[in-house]
């Protein structure tokens with residue numbers, strides 16, 4: 001092989017082995033030759049490439065650019081050029097290739113050498129994106145970066161560093177002096193001292209103020225480091241600066257707010273405290289006044305106050321602090337005693353609530369503690385006063401109960417005998433006996449009014465809720481009124497609206513009491529003319545009904561200046577009325593209280609010398625069944641004679657026994673009388689009775705205990721004898737107490753004959 005052949009062979013080997021991409025094109029860009037490296041990168045074979053133009057293998061965006069580049073090259077007769085092109089590969093991907101070209105103008109060929117810079121371009125793009133993101137992050141965080149070469153004095157600032165200082169990057173070349181001049185005069189010495197510390201090899205971060213180019217003062221946070229050479233001299237300083245103006249202003253406002261809070265807290269009498277992570281971060285000075293201990297003791301030992309808690313309260317407070325209400329919810333609301341170092345005991349009321357972060361976690365507890373010793377002392381004195389008042393009321397109630405019992409017992413004899421006399425005497429004597437009974441009834445009404453007054457004042461008056469027939473109630477009232485008005489020679493009428501349902505639920509006895517009070521007054525103060533009772537339907541609710549009652553009379557009337565006094569206890573129109581007509585002045589006052597309890601109101605219209613109209617409303621529930629019912633329990637319908645009944649009377653009062661015996665004889669009731677509970681128990685072991693009348697207050701065994709024993713005896717033989725309480729105890733709750741011990745019914749003394757016979761009829765053997 002000659003030298004020429006060897007040279008060509010060597011050249012070919014070098015071309016095939018080089019990693020450089022080599023190609024030859026003509027002036028129009030048609031490929032004449034490509035080396036193996038070109039084939040490997042593009043993916044096309046030499047046979048596929050040669051004969052095609054360069055444009056076939058370029059990205060669309062590069063076609064125009066390369067044409068312009070080559071045209072410039074040819075026009076200017078330049079021998080060489082460099083450029084980067086985005087080439088399309090056979091697999092559809094694109095690669096960046098960097099080319100250096102040389103033109104052979106004689107042969108009309110372009111020789112090019114290139115290399116694959118795809119990874120390099122990708123890294124450059126990634127770096128560019130990263131830089132952009134860093135710049136965005138710096139801007140977002142208001143974070144500027146700077147460097148200072150201590151050897152050359154050169155400074156490097158990031159874009160955000162320029163912005164923080166208020167400079168335009170294109171118009172300003174930063175120096176270390178520019179930076180130092182921008183530091184606020186009040187902070188300059190502080191910053192220079194910090195920088196001196198850094199020269200000793202330390203790293204530091206600190207806050208200070210800068211004055212921007214536009215003279216705006218901002219707060220910045222700076223973190224600085226130094227690099228040193230082998231001899232320990234600083235060669236490079238660098239750091240970051242963050243604009244913290246808003247945060248600093250918020251901190252200053254918070255600090256100002258805290259100062260105001262502390263100032264306010266220190267001027268309050270209450271103890272104010274703040275806890276964080278179990279430690280007290282603030283306690284107002286009132287703590288020392290309330291507990292007698294120093295605030296410092298609490299800062300040093302947050303649990304030291306537990307030692308001050310009174311032994312009787314300590315376990316309770318410790319237990320509360322372990323409950324979920326305190327641990328998870330941060331809530332505390334307790335009253336307890338503490339013992340001061342000098343031994344004095346103080347009551348405190350402590351409340352706390354949590355402050356939570358954005359995740360709902362408790363970060364602080366804020367609390368307040370009051371010295372409530374005086375309040376507790378007042379409560380104690382109030383409690384003692386209430387106990388005394390209750391004891392006084394109890395004594396008063398017991399006195400009234402005893403007086404009622406002592407008065408009703410002889411009244412039972414007086415009225416009982418008067419009733420019996422009325423049944424047997426001739427007209428003249430009968431009239432005298434009737435007067436005795438009427439006077440006794442008046443006295444009994446006064447007693448009942450006084451008892452009602454006592455119940456109202458004690459808050460113990462209760463209304464029953466029982467079903468009754470309004471028509472039958474009005475009929476009963478009418479019969480009583482007709483007898484009374486007939487004696488005075490005046491007329492009486494009553495009207496009830498037809499649309500009112502018959503069956504209502506309420507307290508019929510108290511309703512009758514109000515009606516008898518108003519109608520009784522009307523009769524008392526009416527010498528001639530008429531009296532009228534009317535009942536109309538008022539408002540209708542879902543399950544309730546309002547009734548409006550009106551009592552009109554043509555009596556003496558009431559002066560305008562006296563109307564307002566009518567419903568005051570022990571007050572009447574004027575003294576002349578009291579002298580002429582009598583009365584206690586309790587009826588209207590009690591009636592008003594009863595009406596209020598019925599959710600109603602009372603009013604009066606009157607003209608002196610013409611008459612008066614008293615109106616009141618009351619609300620009742622409508623009964624479920626409103627068909628007319630024959631109520632055999634109504635006093636006006638009971639006149640049945642019981643025959644061949646046997647009864648046992650347990651009564652220690654002789655006169656009461658005589659009255660009961662006479663009443664029984666008139667209805668053919670065989671009555672056996674015993675004078676105490678022991679006798680009653682013994683006779684019940686031997687004999688049977690259809691009904692038992694039981695006194696309550698007896699010398700040996702009370703009527704309550706006697707009833708319990710009889711019930712126990714009868715339970716063993718599956719027997720039940722009706723037991724009726726006949727007692728002078730007529731206060732609220734007395735009837736219920738009798739029923740609770742096992743009695744079946746209740747008759748208050750003085751015994752009314754009609755009520756007595758109604759009871760006998762209801763409970764005698766074979767009757768219902």
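From the backbone N, Cα and C atoms, a Cβ is placed for every residue, glycine too.
Note: the domain 'PAS' (7-77) comprises 42 helix, 13 strand, 16 coil (DSSP; helix = H, G, I, strand = E, B). What TrEMBL records for 7-77 (among others) is domain 'PAS'.
Annotation comment: TrEMBL describes 157-202 (among others) as domain 'PAS'. Per-residue pLDDT, averaged over the domain 'PAS' (157-202), rounds to 81.
Per TrEMBL, domain 'PAC' is recorded for 204-256 (among others).
TrEMBL lists 257-330 (among others) with the feature domain 'PAS'.
Annotated domain 'PAC' per TrEMBL: 332-384 (among others), in sequence order.
With a threshold of 8 Å between CB atoms, the same-chain residues lying at least 6 positions outside the coiled coil (368-395) that come near it are 269-273, 287, 289-290, 335, 345-352, 458. For 368-395, the entry in TrEMBL reads coiled coil.
The domain 'Histidine kinase' annotation in TrEMBL covers 402-622.
Residues of the domain 'Response regulatory' (646-764) grouped by DSSP class, helix first, strand second and coil last, total 54 helix, 24 strand, 41 coil. Residues annotated as domain 'Response regulatory' in TrEMBL: 646-764.
If you draw a 10 Å sphere around the CB of residue 695 (4-aspartylphosphate), it holds 27 other CB atoms from the protein chains shown. Taken from TrEMBL, the feature 4-aspartylphosphate applies to 695.
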